[in-house]
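See structure below.
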Amino acid sequence: MIARLLPHPLLVLVLAGMWMVLTRFSLGNLMLGLGLAVFASWTMHALQPERVPTRSLRMLPRLAWTLFVDIIRSNIAVARLLLTEGSGCRRSSFLLIPVELRSPTGLAVLAIILTATPGTAWVEYVSETGTLVLHVFDGAESEHYLHVVNNVYVPMLQEIFE
Amino acid sequence: MSHTILLWSLTYAQLALALAACLAGIRILKGPRAQDRVLALDTLYIAVMLLFLVTGMRLGSIFLFEAAMVIAVLGFVASIALAKFLFRGEVIE
Amino acid sequence: MSGLGTVPIWLSVVIAVFVVLGSTLTLIGAWGFLRLGSFYDRLHAPTLATSWGTGGIALASALLASWVQDRPILHELVVGFAVIATVPVTLMLLARASLHRDRMEKAAHLPPELLQASSDPEHTSQGAPSTSSE
């Protein structure tokens, strides 16, 4: 019964929270936001009946922290490379990485993580071979990215989604 | 004192973001290919959105923030649509 | 104008650092965007603006608004988060579209293993956000 009335409880909470942040924290807004969020979750249920399977969310804070540190580090690296652009020591390259991750949601999150981090851009994923094609800004760091994707992000996402 | 610090940093930010938007505009004109122009449009709307946020901070007005939010949402939808079009637009089928 | 003078010095220094950091990173990104030679290189330039460029300015804006209006204002963080999460999707789609077009015309700057990966990427490969099953 509860599952039919509230197909996506987490989505409802996040949407109601966002509504209150965008307007004002008060009882009226809480009720209005909750009503709208429940309606939105029914719409979501109608569009995509199956729920995203999540195994454990314990890894989430560590993933967020790793991403935060990584983004700061690569921001500095890319800004430095852009400022010294033209001295001819930087070569960008395509990088083919075999990944073990198969869950579509996990791959979507990996794509956003890798593209949001300056220095790497997701180009393609070939599903039958499980090969990920990345474009890296600084080809000299290919080894590093190979390590980061396969030993840091993929295990975390596997724990969350598989 | 704090008024001066904030005013100078906000003025600097406004100039820097306006310059960034101009640089992206030059890339829209230069191209050379369609995907370069779409990417430049992306950079342009982000810079303009940030410019709206900074100007809103300076004027203390909430309406510029709403405008920034509309730009962010519409810019996202527009560039997704353009990218999808690039997939189909010039393909011989 | 709007209570800019009521902000204590330490907070104004923090806000100024975030604002200057964010706008400088955006400017560096746009400058590099103009100078870089190939499309795939240019793909990396806007991410500077969307990670710490947007993050810094949104954070500064939230801090200033919360002080001036005397209650926590987090609007800006929502917008910042929306931009940080959505722009990578656009970049990824653009990269795939560009690869598709380069393959169609057998562009010389693509490495050979990518050129022959598949003749029709729409059917044999998928980008992450589309969850269509094979």
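Count begins at 1; order follows the chain as displayed.
Backbone N, Cα and C define each Cβ position, glycine as well.
A quick note: this is a predicted structure, and the numbers were derived from the prediction, not measured.
Copied from TrEMBL, the annotated features are:
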| type | residues | note |
| --- | --- | --- |
| TRANSMEM | B:6-26 | transmembrane segment |
| TRANSMEM | B:38-56 | transmembrane segment |
| TRANSMEM | B:62-87 | transmembrane segment |
Handout entry: Outside the transmembrane segment (B:62-87), six or more residues from its ends: residues with CB under 8 Å to it
Key = 34-35, 38, 41-42, 45-46, 48-50, 52-53, 55-56
Problem - Intrachain neighbours beyond the transmembrane segment (B:6-26), with Cβ under 8 angstroms and 6 or more residues off its ends - result: 40-41, 43-44, 47-48, 50-51, 54-55, 57-58
